[in-house]
Amino acid sequence: MQHRSFFLLALVALLAVTTAVAKKKDKVKKGSECSEWTWGPCTPSSKDCGMGFREGTCGAQTQRIHCKVPCNWKKEFGADCKYKFESWGACDGSTGTKARQGTLKKARYNAQCQETIRVTKPCTSKTKSKAKAKKGKGKD
């Protein structure tokens, strides 16, 4: 009699486990029906950079996924637009800046990115960079 009870209990437990697994597979299939997701920008949880969330929609479905905005990103391009940059050009004496151009390498999450961009930065003298390099190595 005890063997029958044990066998019946084991059979019920096995049935419960297989039912739970089948339900989980159905959930995965329902979520994967959508193939055209539209993703918004990564919005940091605090300040301008760091961990945040990105919202995506597909039909009536909405998802939020974790994402990260690098702290060295340039706001004018967006964190999801990746560019390949040329070398810095010569220093323009009239403006005191040098420039370089970047061409779009990758647009993540269907981001709207410019094909080419131009960035500038102030010119620096060679002596300053050498002094910083020496200071960083512990030589004064």
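Each position is counted from 1, following the chain as shown.
Backbone N, Cα and C atoms are what each Cβ position is placed from, and that goes for glycine too.
The record in Swiss-Prot lists a disulphide bond between Cys81 and one of Cys42, Cys49, Cys58, Cys113, namely Cys113. The distance from the Cα of Cys71 (disulfide bond) to the Cα of Cys123 (disulfide bond) comes to 23 Å. Checked against Cys91 (disulfide bond) by C-alpha proximity, the disulfide-bonded residues Cys34, Cys49, Cys58, Cys67, Cys81 yield Cys81 as the nearest.
Candidate disulfide-bonded residues: Cys34, Cys42, Cys58, Cys67. Nearest to Cys81 (disulfide bond) by Cα distance: Cys42. With a 10 A radius on its CB, Cys58 (disulfide bond) counts 15 other CB atoms from all the protein chains.
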